[in-house]
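Here is what Swiss-Prot records for this protein:
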- Cys61, Cys66, Cys85, Cys88: Zn(2+) binding site (BINDING)
- 632-718: repeat 'Gelsolin-like' (REPEAT)
Amino acid sequence: MTTFLEFIQQNEDRDGVRFSWNVWPSSRLEATRMVVPVAALLTPLKERPDLPPIQYEPVLCSRTTCRAVLNPLCQVDYRAKLWACNFCYQRNQFPPTYAGISEMNQPAELLPQFSSIEYVVQRGPQMPLIFLYVVDTCMEDEDLQALKESMQMSLSLLPPTALVGLITFGRMVHVHELGCEGISKSYVFRGNKDLTGKQIQEMLSLTKSPAAQQGRGPQVQQPPPSNRFLQPVQNIDMNLTDLLGELQRDPWPVPQGKRPLRSSGAALSIAVGLLECTFPNTGARIMMFIGGPATQGPGMVVGDELKTPIRSWHDIEKDNAKYVKKATKHYEALAHRAAASGHVIDIYACALDQTGLLEMKCCPNNTGGYMVMGDSFNTSLFKQTFQRVFTKDAQSNFKMAFGGTLEIKTSRELKISGAIGPCVSLNAKGPCVSENEIGTGGTCQWKICGINPFTTLAVYFEVVNQHNAPIPQGGRGAIQFVTQYQHSSGQRRIRVTTIARNWADAQTQIQNIAASFDQEAAAILMARLAVYRAETEEGPDVLRWLDRQLIRLCQKFGEYHKDDPVSFKFSETFSLYPQFMFHLRRSPFLQVFNNSPDESSYYRHHFMRQDLTQSLIMVQPILYAYSFNGPPEPVLLDSSSILPDRILLMDTFFQILIYLGETIAQWKKAGYQDMPEYENFRHLLQAPVDDGQEILQSRFPMPRYIDTEHGGSQARFLLSKVNPSQTHNNMYGWGQESGAPILTDDVSLQVFMDHLKKLAVSSAA
């Protein structure tokens, strides 16, 4: 008999789905009392090397309001060649190609191990990939040179049929013609003027191709008139390499005390307009590289006077950031247009100051694009991160997909409240859409323009079954996730995942429901909800909401005597949940203190799309200890773990930090590692470096690497993350285990838990 933990892990490995509850309360009333909603973390394109795509199309339910896909939960009559849909109970005839099926000869989609299955759509043209580079030239020469080298590297990784285009901008915006032999030719636009898609189309002499007008992507065989600006790599490889080589810093002079005039908003608008009228509904990627904030035209985020700093959180709270609303509105409109056409917008921002990611965040967030933030294009952090965008799988195809749509179907006791992640609503109403919206709701279909094997959405459901209509014993609820997308090979594919979970009466089987709680998934699902609210609500209000939910969960599932905090006990399935909430409250996703608006936008962007494992690391970083006392071991994220004779390795997802304890640091300064008789010390110093490198090699975006020691200025990154169990207030306690006291007024986990227990058991609550 597998345990719930094994069941949860097997389901995640097979289907890329983790539910907050794995047994569902059978009535609306009981479900609301569970505090944490029935919800799922879904990784639609989770890598399954053991799941080859099937070279035929899915069989659909014939009822027009259902159209669910044939799956292992359907009942099949092999003699009559009929199948009953498990969502609407419609009886359907199998198509003629299934004439040979029998109980001994079943198609893959009816086998339980294929609860997730991928189909290749045979009809329709195969589309080339499209990459449009949008490059800021207002930057230092070394930065521009490094960026040009990275772009040339990326060109060498593109398939020969991929179409590429180039737009450069500074004070003016240049759209480069790529079909000209031996001559550089570009269309120049003023950067301080906003243009509609129609105006851009007319100025560039682009007429919509007939295929584009029908809403279908143009076919590869008949390139549309846009081929002056978007050309196959194989035709213009040399031309484009030469053109990039000749790119110079923006020639307009920058007076003393001024910022360069940078037209980022106009450039992005032209890029969106160009793709919109030439390749609608086709996988395309706008890759925008910026070295500073937009200082003129639509989407400007700061004036050109250097003495006026770019907005801070303090300015925004005091309503003293005059460009924020207008700029955000401009970028939101562009994000909406790009998403409607199925195009992805990436933003690679490298500068020492803020560049306007707060205002631009909707572009990558709504289109499934990447957001990368660094200090300079001339760092390994940017170069390696950018190279990882073009990672390939075993078949040498990019691990990126385009033009995804996710459709969800549910059995009649469930409705869909909404989704949170890098998606936009397709406004598809249906019988399974709930009126109570969570995140992007009011629909059962979402568009995910850019999607990779780690892209993860949080989907929230509502149990709608009435209290007085019990579900028969052994009844199961089902959900089907249907993801259609353009594979990087050009094929259209459909990934179908169908799952079922048992219903239980919460009045008689509350233990079964409690035992099915997945505290890791629930913590991340509630965290996504909190971060989503933090985008529009006041910080303290979000923390209060989070605390209230935690107290209610403790009251519902804790064991205690009224008004006796000491008696409070949580079962194993809930025991880690309060600690996740403690670290979430202190995280940069909810605390903006000490972070710029751009940094907060960057952190939240990654949190809203990563899978469960990476999200947990972001909420509660992992700490490993290395010492002479034994092999490396995970230790508590606590100040008591900081000991003089230890090396610590901390992984926060965004940073990899190596910290040498006081004694270790002194030995290193004395040079013991260079003496042959202390070779074991040299190995000890090297071990965390090797482990850190392993993480650095595989993660996207590449983390910042921090090497520090006791008393070092960078040690603050570690001290701000650990639970301050020892502070300057209690460091002289009697008989305490030695650890590093932390100078903070933050509450420790112990105080937090004591307070939580007190509130949970209070009869006044």
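Just so you know, glycine gets a Cβ as well, placed from its N, Cα and C.
Keep in mind that this is a model prediction, so the values were computed, not measured.
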Whole-number mean of pLDDT values that fall within the repeat 'Gelsolin-like' (632-718): 96
Which of Cys61, Cys85, Cys88, all binding-site residues, has a Cβ with the fewest other Cβ atoms inside 10 Å: Cys88
Cys66 (Zn(2+) binding site) CB neighbourhood, other CB atoms within 10 A: 18
Three-state secondary structure, which DSSP defines for Cys85 (Zn(2+) binding site): coil
Number of helical, extended and coil residues in the repeat 'Gelsolin-like' (632-718), per DSSP: 44 helix, 21 strand, 22 coil
Zn(2+) site, defined by Cys61, Cys66, Cys85, Cys88: further same-chain residues with Cβ within 8 Å of the Cβ centre: Ser62, Arg63, Arg67, Ala68, Phe87, Tyr89, Gln90, Asn92
